[in-house]
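Undergrad: According to Swiss-Prot, the feature NAD(+) binding site maps to 37, 38, 39, 40, 41, 86, 87, 116, 139, 176, 289, 313, an assignment based on sequence analysis. Summarising the annotation, Swiss-Prot assigns active site, N6-AMP-lysine intermediate to 118. Annotation source Swiss-Prot lists Zn(2+) binding site at 407, 410, 425, 430, citing sequence analysis. For 586-668, the entry in Swiss-Prot reads domain 'BRCT', with the evidence type sequence analysis.
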């Protein structure tokens, strides 16, 4: 952690994560929301903002490391062939131009951008084999989603069989399902007549429709679909990929533009910011991408976002409301987070009743007081936040807010390190910290039945202090708790037993290592097939993984260096948790001990297929060329990585030579 990050901000960030994990688990997994969408979105935006301003705060357990909801138990969970990354957001033209200028410096002349409308719906993955739709799924957490093939077949804009004479053997299509505004109004009118709860907005209506168990309900609603990218196709640019999708019978949004500089990008964004309400569907921004795929490969990914794309969000809608109270919540890292409780107000389609105030500094800088009239804004038309106080409307009885000097959970005197913003509870046994860790574990391992209320009771009774303690609970102990009963207790014990079958990657995610989210945990588990192997790995070995870096690697190394964490692993192992498995099964060891970098466009293999080929024979693929690189596999339009390999005298192979190397284990 950088010393430049104020402690109060660090602590507040941890608090936000704990809240969002609990709320997200209740909403997406249990289908039993504890708070409104507006409250969740409000806190999520605050976390996005903090992690954007302080990249050091990005944590493996952060909800922003997810790219969507966890699959519900009513649907079959499927693994995406290609992970569905979320996009970094730009909330101003300045942020957008900063992103573009960074890419211009990295790539140089010839860089082109493509602008596409960001449809406000549900991201969807479609899999075609030999031109036939074989599977459709929700985005889920980006690695796994829910199979909803039957529901997606009812959407007329999705071809069941690809058009065109020449179709690829395998095609992965990504797109956005959505509900037009007029259809949204019709659906809500029907629900109102039937006495059912109304959908808050078209986006929520679309998500709820796609998760219907009865596909006849989906068919009765007029959903639309725009395809926006494809994998394993023949295109060499995003512009060509969209044309290829159209040739196969997909509906592609016609409002797109190929831009040769940032000025053209700005013009496109400004136009649709002013004219978006003329469209028959909702759009909450513009997606800007680097057009050429070789340029996309050159700049690569962060652990969560592609560096070559960004979502420009339209300026937010603002409303005024009154602060009725200011509550302070304690996160699992001990940070105290103040939250403004508001008179409910509708902002951009959802009802906002709570707004985060981030930290003590934020309250003091805004001078927010109970009774104040404040401006609420939904940044990107999704996430609400308090922008400012309307001082002229302040009631005479309003007094400055005094931040608590003791933890509201345990009474310990709070601390604030010099130069940091976070006010923290320093007590490692604070019930709030323990509850947060337990909640994250149960969400990560999909343990049903152990919600916030039960966790609070277990902690208050002293029955549970760590996640390992959960596995020492008996049905008799649980049944003795008020309002639980023998049947519920037995189900909880059964759920804990079932969590033993969760893979090593999910256990790793549940441990809550900093910067190691769900998708990163999958990659780590593939590269290091056991906790012991990961514990033995050094900084360089972890940092060399594709898409990783020193910051992620250091988080892993430091976590495994702590004795209490190693002791926790031993206890979990003794309880039967999966601390091994999940590595890619090797067809041979022909490439064992060799490290590869892939650059350019290969004749027959996509980058993903080439990576899988190398790893299936024991090799390792990294994203950057160094003196430790064994071979660079280069295709057409190979960029700076090829030049780097030549400078370092690293051997360069083409696709044919790579295959020969596998067969003979000798340089051809």
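The backbone N, Cα and C atoms fix where each Cβ goes, glycine too.
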Undergrad: Going by C-alpha distance, which of the recorded positions 118, 407, 410, 425, 430 is nearest to residue 289 (NAD(+) binding site)?
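TA: For residue 289 (NAD(+) binding site), the closest Cα among 118, 407, 410, 425, 430 is found at 118.
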Undergrad: Tally of helix, strand and coil residues over the domain 'BRCT' (586-668) according to DSSP?
TA: 28 helix, 17 strand, 38 coil
Undergrad: What count of other C-beta atoms do you get within 10 angstroms of the C-beta of the residue listed as 'active site, N6-AMP-lysine intermediate', across all chains shown?
TA: 25
Undergrad: Nearest to residue 407 (Zn(2+) binding site) in three-dimensional space, by Cα, is which of the recorded positions 41, 87, 118, 139?
TA: 41
Undergrad: Which whole-number mean pLDDT does the model give the domain 'BRCT' (586-668)?
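TA: Looking only at the domain 'BRCT' (586-668), pLDDT averages out to 79.
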Undergrad: Among 41, 139, 410, 425, 430, all listed as binding-site residues, which has the most CB atoms within 10 Å of its CB?
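TA: Ranked by Cβ atoms within 10 Å, first place goes to 425.
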Undergrad: Rounded to a whole number, how many Å is the Cα of residue 139 (NAD(+) binding site) away from the Cα of residue 410 (Zn(2+) binding site)?
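TA: About 39 Å separates the two Cα atoms.
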Undergrad: Nearest to residue 410 (Zn(2+) binding site) by Cα, among 41, 87, 118 (recorded positions)?
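TA: Its closest listed neighbour, by Cα, is 41.
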Undergrad: State the Cα to Cα distance, in Å, between residue 425 (Zn(2+) binding site) and residue 41 (NAD(+) binding site), rounded to an integer.
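TA: Taking the Cα atoms only, residue 425 (Zn(2+) binding site) lies 26 Å from residue 41 (NAD(+) binding site).
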Undergrad: Quick one: of the recorded positions 41, 87, 118, which has its CA closest to the CA of residue 430 (Zn(2+) binding site)?
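TA: Sorting the recorded positions by distance from residue 430 (Zn(2+) binding site), the top entry is 41.
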Undergrad: What kind of secondary structure is residue 410 (Zn(2+) binding site) part of, going by DSSP in three states?
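TA: Note: residue 410 (Zn(2+) binding site) is coil by DSSP, not helix or strand.
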Undergrad: Fewest other Cβ atoms within 10 Å: which of the binding-site residues 87, 407 wins that one? Let me know.
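TA: Result for the binding-site residues 87, 407: minimum number of other Cβ atoms within 10 Å at 87.
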Undergrad: Between residue 87 (NAD(+) binding site) and the residue listed as 'active site, N6-AMP-lysine intermediate', how many Å separate their Cα atoms?
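TA: With distance taken Cα to Cα, the residue listed as 'active site, N6-AMP-lysine intermediate' is 11 Å from residue 87 (NAD(+) binding site).
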